[in-house]
């Protein structure tokens with residue numbers, strides 16, 4: 001249970017002696033506070049106007065309904081007298097009687113025709129209750145006021161309709177007989193007269209066949225609501241007598257026993273004899289009922305279509321985003337929530353600009369202008385995911401119009417194309433790298449060609465004898481012997497046939513002009529023939545040294 005704690009130190013001669021703590025059970029107070037809060041909430045949310053004044057009639061409190069109806073805020077009327085709403089319709093004597101009643105401590109009930117802040121007139125049914133203290137003194141007045149403007153307007157229309165009926169009483173018989181609607185006169189609960197349209201509607205030959213009958217005798221035993229036709233007919237007629245007129249729907253029965261629906265208007269006719277006379281009009285609404293059934297079927301079909309559309313939107317792989325003309329979110333589907341990373345409640349009523357940066361907000365503004373012009377479009381934009389990441393999205397957007405061709409908003413089908421965009425960007429980067437590498441290779445190739453040309457030029461024009469030879473086959477032979485553990489140098493010295501074999505494997509690829517002139521040959525082929533014919537010891541020793549140098553890995557060879 002709740003308690004209130006109060007602690008106090010007790011000092012004697014400026015010295016702290018002890019500390020006294022008091023505990024109070026505030027359960028009752030908390031309960032009272034809760035009840036007060038409940039009462040206050042009920043008053044604030046009341047559908048009726050609540051006004052509290054002091055004993056002088058000065059306003060101390062008004063609820064929100066007062067502001068909605070009168071146009072005055074509580075701040076504007078505090079300390080004011082309710083007479084600021086006086087339209088002048090009621091005489092001063094009316095208010096005098098009211099004050100006499102409430103100052104005597106009695107409850108007063110009445111009606112006011114008041115005037116709002118903007119000058120509009122409205123009717124209120126008012127109950128004023130004096131509020132008394134424990135001593136029985138009046139300390140405030142509580143006014144509970146119900147807006148009855150519409151009821152008064154209806155009453156006025158009813159009165160006017162009744163007056164018109166009275167004014168046209170002389171012409172009634174002619175209209176009565178020629179009317180396309182069935183018109184009947186009910187006197188003391190039975191039909192006493194009718195026009196020809198009634199006879200035709202019921203399928204009788206003459207009206208005498210059904211006059212002097214209670215309305216229930218021309219009806220099925222029960223009405224569609226399950227009520228007995230006799231009891232309900234009496235009730236309907238009594239309501240017309242009480243209120244002057246009454247309109248309702250009824251099921252009647254033709255002579256053929258077929259039931260058919262009619263709209264009934266009962267109007268009480270005054271007389272000085274004491275008879276209860278009612279003017280009754282039937283309108284066959286069979287076609288209207290069929291139309292209503294067709295309309296209901298259409299509504300069911302529309303509802304089914306809406307449900308199917310809703311299912312499609314909820315299960316679609318594309319995001320669906322609907323906004324009003326201000327760009328505020330009206331509806332999103334689950335896929336759109338997945339794309340943005342927010343729940344539906346986090347997105348609804350939020351402007352689209354909350355989900356983009358400043359740069360992309362400009363794109364949205366431009367697109368909204370296109371929607372204002374009634375144009376659809378497809379465009380790319382980057383959205384902000386809840387986690388802060390940017391998402392490349394494709395929007396296919398169209399404006400929404402109502403039946404009056406007024407734009408009410410826009411909707412978009414949204415596709416997350418981040419993966420595609422990233423793949424495209426990666427591919428583009430690879431293409432750039434390849435183009436760069438291709439350019440570099442082209443440059444190096446050109447340099448290589450240039451170097452080769454320079455080398456060839458130097459090679460051909462060198463005054464020194466230069467040879468370009470291929471020793472790859474020879475090296476294979478030498479490495480084979482070396483892998484067998486044979487000392488190649490010794491082996492070459494001791495095996496002349498092997499040396500000759502090695503020499504035969506040497507390929508002369510090219511020699512310069514100086515070499516050809518030196519050896520007095522025309523070309524490489526003639527040079528090869530010349531070397532093979534030259535088998536002196538000096539040549540063998542020279543080639544042998546060259547082979548030993550190659551197999552030993554020496555970079556240079558001097559002869």
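Here the Cβ of each residue, glycine as well, is placed from N, Cα and C on the backbone.
Per TrEMBL, the features are:
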- 417-447: coiled coil (COILED)
- 35-81: domain 'PAS' (DOMAIN)
- 108-160: domain 'PAC' (DOMAIN)
- 305-369: domain 'PAS' (DOMAIN)
- 377-429: domain 'PAC' (DOMAIN)
Surrounding residues of the coiled coil (417-447) on its own chain - C-beta under 8 Å, 6+ positions past either end: 380, 391-394
The domain 'PAS' (305-369), counted residue by residue under DSSP: helix, strand, coil: 38 helix, 12 strand, 15 coil
Local confidence of the prediction over the domain 'PAC' (108-160), expressed as mean pLDDT: 93
